[in-house]
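Have a look at the structure below before the remarks.
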Amino acid sequence: MKLIVYNLGQDDPKKCTAQRLLKFGEVTFVKNIRGLPNNCILLNPFSKRVLSPSDIKYSKNGIVVLDCSWVEAEKCFDKIKSKIQGRILPFLVPSNPINYGKPGKLSTVEAFSGALYIIGEKEHARKILSSFNWGEEFFKINLELLEGYSKSYDEEGILDFQEKYLKGINNRKSSTEEIK
């Protein structure tokens, strides 16, 4: 599976998970939109379409992550409109030290890993996170979600599973508050 980073160089290179993936030969960097393959998947936190296992047909051309600062993210994604299938990842919780526990604020490696797991590339998902000391924590936090998403066929199934999961969390939280 080809993993591509469209790197805008806005992050601290020492904290940038994409740089570490590049160092280990797990990703290819491109610095120009023209360098992106046609009909690939762009993991876009502002997309209206959710990634699902049925998107495997697009992932064959590559999965792209735009590596930029979260502060600049919306502006950066607005510039990419062309030949790419934009997909948002369903609800996942980061384990990286910068955004630990902030739903949706995944690092580049967490986004790639989540996407790979959802489309059925579970070994590859674990492999790319294995070089981060917090990588296994990502799976501990998200395993139930990732398994549920990977067993859903399409976007509707993903959204249904996500809704049930989040309702379950709210129900457990309400029960705990009633006990206090």
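The count begins at 1 with the first shown residue.
A Cβ is built for glycine as well, from the same backbone N, Cα and C atoms used for every other residue.
Keep in mind that this is a model prediction, so the values were computed, not measured.
Here is what TrEMBL records for this protein:
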type	residues	note
DOMAIN	1-31	domain 'RNase L inhibitor RLI-like possible metal-binding'
BINDING	Thr17, Leu66, Leu89, Thr108	S-adenosyl-L-methionine binding site
DOMAIN	41-166	domain '16S/18S rRNA aminocarboxypropyltransferase Tsr3 C-terminal'
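Positions of the features from TrEMBL, shown on the structure.
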| residue | record | CB count, 10 Å |
| --- | --- | --- |
| Thr17 | S-adenosyl-L-methionine binding site | 27 |
| Leu66 | S-adenosyl-L-methionine binding site | 24 |
| Leu89 | S-adenosyl-L-methionine binding site | 20 |
| Thr108 | S-adenosyl-L-methionine binding site | 25 |
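Averaged across the domain 'RNase L inhibitor RLI-like possible metal-binding' (1-31), the predicted model reaches a pLDDT of 84. Through the fold, the domain 'RNase L inhibitor RLI-like possible metal-binding' (1-31) approaches residues 37, 40, 59, 61-69, 72, 76, 80, 96, 98, 107-110, 112, 116, 121, 124, 127-128, 131-132 of its own chain, all at least 6 residues removed from its boundaries and within a Cβ separation under 8 Å. Of all Cα pairs drawn from Thr17, Leu66, Leu89, Thr108, which the record names as binding S-adenosyl-L-methionine, the longest spans 18 Å. The residues near the S-adenosyl-L-methionine site, meaning same-chain residues not in Thr17, Leu66, Leu89, Thr108 whose C-beta sits within 8 angstroms of the mean position of the site's C-beta atoms, are Val5, Ala18, Leu43, Val65, Asp67, Leu106, Ser107, Val109, Glu110, Ala111, Phe112, in sequence order.
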